[in-house]
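Straight out of TrEMBL:
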type	residues	note
DOMAIN	53-422	domain 'Cation/H+ exchanger transmembrane'
DOMAIN	479-610	domain 'Cation/H(+) antiporter central'
DOMAIN	617-778	domain 'Cation/H(+) antiporter C-terminal'
TRANSMEM	40-58	transmembrane segment
TRANSMEM	70-89	transmembrane segment
TRANSMEM	101-118	transmembrane segment
TRANSMEM	138-157	transmembrane segment
TRANSMEM	163-182	transmembrane segment
TRANSMEM	203-221	transmembrane segment
TRANSMEM	227-245	transmembrane segment
TRANSMEM	265-295	transmembrane segment
TRANSMEM	315-334	transmembrane segment
TRANSMEM	346-365	transmembrane segment
TRANSMEM	371-391	transmembrane segment
TRANSMEM	403-424	transmembrane segment
Amino acid sequence: MADPEPLIDVGKLNEKVLCYAQTIYRFNGVWEGPDPLTPIIPLFFIQVSLAILITRFVTFVLKPTKQPPFVAEIISGILLGPTALGRIMRFRRLLFPNYNFHVIETMAHVALVFYGFLVGLQMDMKSVLRIGIKARNVAIIGIIIPFVMGTILYFSLTRDEEVRGFIFYGGALTITGFSVLSKILDKQKILQTDIGKMAMSSAVINDIGAWFILTLGYVVTGSTANIHWALICTIAYALFCVFYLRRAIGWIIRKMPEGQGYSEFFICSILAGMAISGVITDALGTHPIIGAFLFGLCIPNQVLQAEIIDKLDDFVTGIFMPTFFVVCGLRTNFGQMGSIYEIVGYILLFVSAKILSSIAATFFSEMTIKEALAVGVLSNTKSIMALIIIEAGQAQQVLSTQLYSLMVAGILVMTAIVTPMTMLHRPSQEIAPHKRRTIQKARMEEELRVLACIHGTHDIPSVINLLGSSHSTPASPITVFALQVVELVGRGSSMLEVHNSGKRGSRSLGHEETQTRQIITAFDNYELRSDGVMVQVLTARSALSSMDEDMCNIAKDKRVAFIILPFHKQRGIEGEMEDVNPEIRAVNEGVLANAPCSVGILIDRGLSETSDYAKNIVVLFFGGADDREALAYALRMVDRPDTRLTVVKFIPDEGASDIEQTEFADESHVNVQIDKESEKLMDDEFLNRFKISTANDKSVTYIELLLNDVEEAVKAIKLMDQHNYDLYIVGKGRGVVSPLTAGLVDWCDCPELGAIGDLLVTSEFDSTFSVLVMQQYVKPIGDGSVNSYGSMSERIAGIGNMDMDLDMQRADSESGDVFSSFRRRTEHMPRV
């Protein structure tokens with residue numbers, strides 16, 4: 001029997017089918033053929049290299065405009081597409097031929113899988129639960145109204161029967177790019193303003209909502225008959241990841257040896273798990289990027305997150321992601337968008353979506369129209385997620401080239417206008433002027449605002465000990481902003497979180513959350529047992545390179561007069577000072593250089609282990625603004641009935657060599673003019689005021705030591721160890737070059753402490769005590785002030801026309817006094 005004739009599809013007889021004989025790479029080089037770019041691998045490498053070079057070039061051109069890199073990446077993709085260079089037929093056929101599009105598109109989607117994994121690693125879902133109601137309302141309304149407007153615009157533009165594209169069109173308008181917005185706000189120095197915080201908090205919720213919209217879009221545009229199964233299975237897998245997979249990974253991490261890091265095998269196993277998760281979500285009817293994102297959320301350890309991000313981030317963002325922007329650019333064709341008037345009209349509607357939603361949020365929150373407009377403009381910032389959503393719509397063939405190109409133009413314009421708008425109208429960062437920048441200027445009856453920085457739980461006892469020594473009362477209150485400073489892992493954005501004291505956290509807490517809870521508990525207890533104290537606990541997550549700047553911005557925002565910084569060394573078991581975190585030293589130096597108020601570096605040499613607060617305090621006074629600030633702070637501590645204060649003024653004898661200096665620049669590179677006679681006069685007047693105010697106080701002792709050289713000064717300081725002082729308060733000594741300290745400056749191990757502070761920290765002492773090194777805020781040269789230390793009336797608060805001429809009488813040495821070997825002048829105040 002004859003074989004049956006093969007079936008023929010008559011409908012495809014007249015169709016043109018292009019067949020390509022693809023070569024992966026050449027065996028014999030260019031000698032085999034005339035075109036070396038025909039093989040897939042050489043052509044792909046040329047495409048990637050060209051994309052990277054064009055992106056870097058556009059980034060360089062846009063650098064003066066302070067635009068985020070995302071804008072340059074979009075423009076570079078458009079330049080390579082049919083809108084610009086792609087219109088040149090020879091360029092397109094040579095470098096971006098049609099037969100190679102599926103290769104670069106495949107690599108672009110591989111890049112998206114890794115990108116989704118990195119986003120999942122850096123996303124903190126717990127932070128969503130801590131966002132305030134005001135920002136939450138802005139975010140939710142900022143999703144609903146733009147989605148509705150995007151849906152209406154989609155149906156007004158489409159002319160076919162495909163209706164599922166509204167999910168991608170509306171979803172793209174709901175995006176507020178958290179990472180891009182944080183870079184813009186950080187560059188413009190408005191990240192810590194109320195408007196900046198509001199926009200950032202709402203952007204966190206918008207980012208999470210974008211992933212739900214993307215997942216829904218993939219499900220709806222998949223198999224129409226199995227939409228319900230795809231949706232149910234995807235939700236089930238997401239719940240499995242949250243409740244089971246995350247715990248399993250955490251259990252594996254806890255079983256690994258501590259302190260040995262993570263092996264290459266373990267990192268590769270994590271990446272293999274990411275790939276398997278992507279395969280599962282693809283099989284369930286969505287896309288591998290969803291599975292990679294979910295797997296990234298399941299990594300519970302911050303150290304592991306940081307290590308993975310450090311290994312992958314540069315490669316993914318620098319090499320892989322440019323292929324995605326090329327694909328977006330190749331799909332974009334501005335020539336098919338219509339007339340220029342229609343384009344401008346639709347883009348204005350795109351921009352108005354977020355602004356209208358912010359205005360609508362004023363009905364549900366205490367936000368003014370002016371604030372709403374500012375938040376709306378900032379919320380127009382888009383990110384890669386917006387491109388991912390509309391690219392998915394185009395790949396799923398539910399968005400036409402016209403709709404796709406119009407939205408790409410809208411995303412570019414909406415993001416690009418944010419930076420100039422913030423430059424033209426910068427939100428006010430200070431509701432009230434920052435007047436009280438020093439303790440010396442602060443009045444006793446006024447509130448003293450203090451920023452206490454905490455790097456770890458080991459800093460808590462010494463900081464609370466110092467605050468307890470400050471002796472707050474209802475008549476002389478203290479407001480403490482306890483700032484937990486956390487080094488930002490990976491490439492995330494800086495964040496400031498305000499904690500509610502009475503709010504209970506989850507039972508299952510990570511290392512950072514546990515530390516935060518301990519800090520909140522410790523400062524709550526301090527507030528409860530103290531009168532006139534109000535405490536607010538905050539957590540700042542910052543990169544180490546910008547940590548000092550963020551701390552200074554917070555201090556300015558809170559209008560504090562004093563910043564307390566923990567020292568980078570602590571007392572070890574054997575009594576020696578050991579490095580806890582050497583990187584903190586650079587942070588402290590940065591704060592000292594740029595602080596908007598006075599700063600104190602606190603060194604704990606064991607006092608916090610033996611006492612709740614300092615009871616025997618000594619101030620070493622050599623002269624200068626820093627020493628005056630130290631004495632001003634000590635004056636706040638003498639009201640306790642069981643507290644004693646000793647002020648020792650070190651005076652060079654007539655035989656000591658005099659050192660002239662009229663200007664100095666410390667390690668913070670801040671030039672300060674010094675008028676030696678003026679400084680001496682201000683020191684004398686401030687000390688005279690101190691002696692008058694404490695003349696009848698038996699708990700205060702004032703001593704003047706006449707010394708000849710550095711050796712006598714060092715000997716006198718070391719002999720003070722016999723008095724068992726709890727707290728040494730000294731000035732950093734900027735601008736004061738005395739013959740009693742000149743030799744010490746050259747031998748400082750820690751110059752940020754000054755000569756005397758370094759001596760107290762590095763020398764051996766038998767007693768346990770704390771050291772507070774004070775630096776008074778001074779205006780740098782060039783700010784329009786007469787001189788850096790201000791006028792006499794500014795620096796000597798409360799002097800008035802008081803007669804300060806007090807007779808100093810020479811006194812004999814007391815029996816058994818540790819200073820008996822030195823000549824001294826003692827004011828007639830009873831010794832305790």
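Keep in mind that glycine also has a Cβ here, set from the backbone N, Cα and C atoms.
Note that the structure is a prediction, hence the values are computed from the model and not measured.
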How about the transmembrane segment (40-58) with the transmembrane segment (163-182) - do they touch, taking at least 3 C-beta pairs under 8 Å (6 or more apart in sequence) as contact?
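Since fewer than 3 Cβ pairs under 8 Å link them, the transmembrane segment (40-58) and the transmembrane segment (163-182) do not come into contact.
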Can you tell me which of 265-295, 346-365, 403-424 gets the most C-beta pairs within less than 8 Å of the transmembrane segment (138-157)?
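Against the transmembrane segment (138-157), the leading stretch is 346-365.
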Which of 70-89, 227-245, 371-391 has the most Cβ pairs closer than 8 Å to the transmembrane segment (315-334)?
70-89
Could you give the mean pLDDT over the domain 'Cation/H(+) antiporter C-terminal' (617-778), rounded to a whole number?
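The predicted confidence over the domain 'Cation/H(+) antiporter C-terminal' (617-778), as a mean pLDDT, is 81.
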Could you give me three numbers for the domain 'Cation/H(+) antiporter central' (479-610), the DSSP helix, strand and coil residue counts?
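The breakdown for the domain 'Cation/H(+) antiporter central' (479-610) reads 48 helix, 43 strand, 41 coil.
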